[in-house]
Each structure stands twice: as structure tokens, then as C-alpha cells.
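Take a look at the structure set out below.
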Amino acid sequence: MPEASGSRVVDESDYSTFENKTGLAEDMKFLASMPELCDVTFLVGDTREPVCAVKAVLAARSRVFHKMLYQAPSPQRKKEAPTRENKIRLFLKRSSEPLLNLQNAAQQRSGFTQQLAPIQEPQSNQHHTLIIEEFEPDVFRQLIEYIHTGCVTLQPRTLLGVMNAADYYGLDELRKACAGFVQCCITVDTVCALLASAERYIQYKCTKSLVQKVLEFVDEHGNEVLNLGSFTLLPQHVVRLILAREELRADEFTKFQAALMWSKKYYDSNQDTPLKDIIGNFLEYIQFHKIPTNALVNEVHPLGLVPDGIIMNALAYQADPTSVEPGKLSPPKVRKQGRSMSVQSSLEPYGSNTTLSSSGSDTGFERKQHSAAVSDEPRREDIFSNGENERSFYEHPRNGDVAPTDADIEEWEKKELQREEEQQRQKQQEQQREEEEQRQKEKEQQQREEEEEEEEEKEEEEKKQLRLKEEEETKLREEKKQQQFEEQERQMQQQQHEQKQEQQEQQEQEQQQQQQQQQQQQQQQQQQPNIHPIDGLGGLYIRLVLRREGRTDLVWLYKTHKF
């Protein structure tokens, strides 16, 4: 017997079993794709995308779906003694074909003709519509496909969602398959997609173990991951989590370039926020003193995005490491925050706030940062630049750890007040410059609009002149054609007139010739007085026929006159 694809034949001595699992899977997939054959519709995700299915199949494959779809308990039935019809039904099911024929014959002999009672359906065939908000449409559609057909194509983009959905709905085999596929699908090309999908499913336990593996992979391939274009698609708090990890094997200049690339991408869709404020959320995780001097001077500083104080401290450290205190380069609390950031706190879904806690000497220090939007709190570079005088005052070495005097405090407060006034003036000047630039832009825009209007009017006038010129040329051509036509008509009329005159002249000449001939004839007659024409007969014609041997050779006609 030929074996079909995905099928097998089991031969025994007394029976043969044929299995076609592939055909069954295809049929079930076709069944799920026909809405008129399904009895439940799921509206999935934020877009409420419809996904159809068969309730009986879902309930048979998943206890969660069974509880969801068949919550109403069926009414309890009283146990009754088996009737004669039920006994016959059970007997018929267990009997073979010959026994069935014998039973039918026995029924006919006994006169039993009552029909068996129809089997009642446990529940109505009413179509159900349910809303699923926990999973994305593509993920839930793959889950439904697996439930109906027993097979599904796993992809890195939806792998995390399918694994969590399988765990949520109690499909252990699918969950184990996804967990096994994770080991081979974490690559440089897929790591960002996995981290992005983890944003939605971080509340599930399967996500936490997977994200930890993904972050370990990112640590090992830091430079490659940070240079990916898909790195800009990650949420802001995930980028901060990656940049803050001490295990990340990436140079500091690559980290700065990755932060700049992400900030530019975010700025393209949120131009209300200055680029300097956006990239400021990542500067605290970059050790600028480890960036080469040429890159700092020629590439980082000309951008104007990093405060001068940070660059100056980095350059001073590169020139003399003992001239700059370590706290000004990489504050201890920042690095400890990077170590204490957990997967749960850093990937908390739906844009919630993330609490970054520290340990050791910084216990109790908490700093909240927005996870999805750009933070409105003071940026780290502002702390470096604006609080530089304060730190230099309190961190300045003193003999015997003497506390600052009132004069020192008053001097510092005066300097602080001057600094604030200077910042206020700079802010006002910057605001005035922005207003002036705005007015200049509006003026230029108005000038451009006026020039465009003038150009449009000029083009309209040129088009109008061109239309008039074309109309005049068309009119002249028509007049010229009319004149040519009239000239041709005049020539034709003149030719016809000339032809008529010629005909008249010819007729006159012919008449004159006839008259002359008549005159000549009259003269000839007058010259021969004895010959007179036969009046009334108009002349006599005589035919002379010469015959010879029965043939006529010549025929002569003579016009005779009367003598």
C-alpha cells in the first residue's frame, strides 16, 4: 500500500491501520480559516483583530480554554434505568456486522419498530465573541493554529509571545519547544527583536529567564549589538539597562555612538524635545575619560551635546590621572545603580516608572526615571556642570578635616547666586535668540510666500499672453485659409468665364464659316445659270454599284443636280 506524506501504515496479522497526520493538520488548518465553520471569535490586541476558532477543539486541547468557553455548568440529570432502546444501542455498537444483521432480523420478528431517541447536544451552538488583550494578534493566531493543527512555525519576532501564551493556556509541549528553540535563535540579528518583545511580556515568568540569557548574549557581543540599526527600536529604559551593565564588552566611544544614534531616531519623531535633553539620559552611563583624545576633541565635542565640564575632566584625566578625582569621572552610585538594575525593574511594561536602587553606602538612595518618554528630571550632565562649584567646595581637601566657616559658606552662597543669575541671563539671551530666529524664519517664510505668489502671477500672465498669441495665430491662419479659398473660387470662376467665351467665339466662327460656305455655294450657283438645285428634294442621290462575279466591289454615291 503506498504511504502518503506524513502518514504511516501499521500492518499486523489481522488488521491494518492507516494514519495521515499531515492531511488531518491541513484540514484542521482549513477549518480554522473558514469563519462560517467556526463558533468562537477572539478580538485580539489593541487593534481588536479577529481570530476565529472552534470551541470544541480549543476545549479539548486546553483546560484554560475549556473553562473559558464552557463556564456554565450543565444541568444535572437524574439517573434512570437503561431503557430497552439504550440497551439495543450499546449492543449494536459492540456487535460486528453479522451480529447486526441478526439483531435487525430479531427486531423485525419481534415487531420492534420504534426509533431511537436523538442524542441531545450538551450546549447551544451560539457563536461566542471574546476579547484577548494579553497577547498580540500574530502571537495568538500562531497559538490557535497550533491548537487546531498540532504544528506551528516558530519565529524570533513572536517566539517570546508564543512561549508565554503556551504557558498561560497550559500547552506544555509548545512551551518546551519554544524554550528549546530559544537556545539557537539568540543571535546578533535577533537579539533586539527579542528584547523589544520582552517589553510586553515581562510580567510572565518565562520572559524573565529568557531576558537574562539575552542580556548575557548582549554583554558578550556588545560592540556588534550597539552598532545594529535595530538598536534604535528598543525602549529608552532598555537602552539605559544595556549601557549601565558593567559586564558589557563594548568600548565607551561605541556606547556614545549608540546613544547618539538612538537619540537622533527618537528626535525625528519627537522634535519638541531638544536632542541635548534626549541624549542626556545616557551620559551618566558613559565613561568619557576612556574615549580616545582624538575622538573626544574631533567628534564628541563639536556636536555640542556633552557639557564642557565632562569633556574637560576626561581630557584632564587622560593628561594626568591624579589631577581629577574619581567621583567626577564615574560616580560610585551610578555604577552601583547599573549593577542593581534587575530585569523586572528595567523592563517593566506599559511605560511604568523604573526605580533604580543602590546598595552599600548608598542604601536608601532612589532615583526614578521615566521608562518610555524622555525624563523631565535634572540630567546627569547638569549635576556635573551646575553642581561643580558645590562639589569642589565640599570635596576640597582641608587640614584636619576642619568644617567650613561662615565666611566660606557666605562666599559660596554668593558665588552660587552669581552663577544662578548668570544662568538666568544666559537663558534669557537664549530665549531672545530663539525668538529672533523664529521672527527671522517667519519673515523668510513670508518672503518666500510672496515670491511664490509673484511667480505664480507671472506664470499666469505668461500663460495668458501665450494663449492670446496662440488665438491670434490661429485666427490669422484661418483668415489666410479663407483668402486662399476665395482666391481659388475666383480663379475657377474666371476659368469658367473664359471657357464660355471661347465656346461662344468658336460657335461664332463656325456660324461665320457656315455663312461663308453658303455664300460660296450661292456664288457658284450664280456662276452656273443652267444648273438649278431641285427645290423641295434637297438634291438627288444616285448609287452606282459595280458587280462582278456575283460580288459588289464598289458603291458610289453621287449627288446630282437638275439640269
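Heads up, residue numbers simply count up from 1 along the chain you see.
A Cβ is built for glycine as well, from the same backbone N, Cα and C atoms used for every other residue.
The following features are taken from TrEMBL:
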- 339-362: compositional bias 'Polar residues' (COMPBIAS)
- 376-399: compositional bias 'Basic and acidic residues' (COMPBIAS)
- 412-448: compositional bias 'Basic and acidic residues' (COMPBIAS)
- 449-460: compositional bias 'Acidic residues' (COMPBIAS)
- 461-490: compositional bias 'Basic and acidic residues' (COMPBIAS)
- 504-528: compositional bias 'Low complexity' (COMPBIAS)
- 38-156: domain 'BTB' (DOMAIN)
- 322-534: region 'Disordered' (REGION)
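Sorting each residue of the compositional bias 'Basic and acidic residues' (461-490) by its DSSP state yields 30 helix, 0 strand, 0 coil. In the compositional bias 'Basic and acidic residues' (412-448), helix, strand and coil residues by DSSP number 37 helix, 0 strand, 0 coil. Secondary structure of the compositional bias 'Low complexity' (504-528) per DSSP (helix as H, G, I; strand as E, B; remaining residues coil): 24 helix, 0 strand, 1 coil.
Sorting the compositional bias 'Acidic residues' (449-460) by DSSP state (H, G, I as helix; E, B as strand; all else coil) yields 12 helix, 0 strand, 0 coil.
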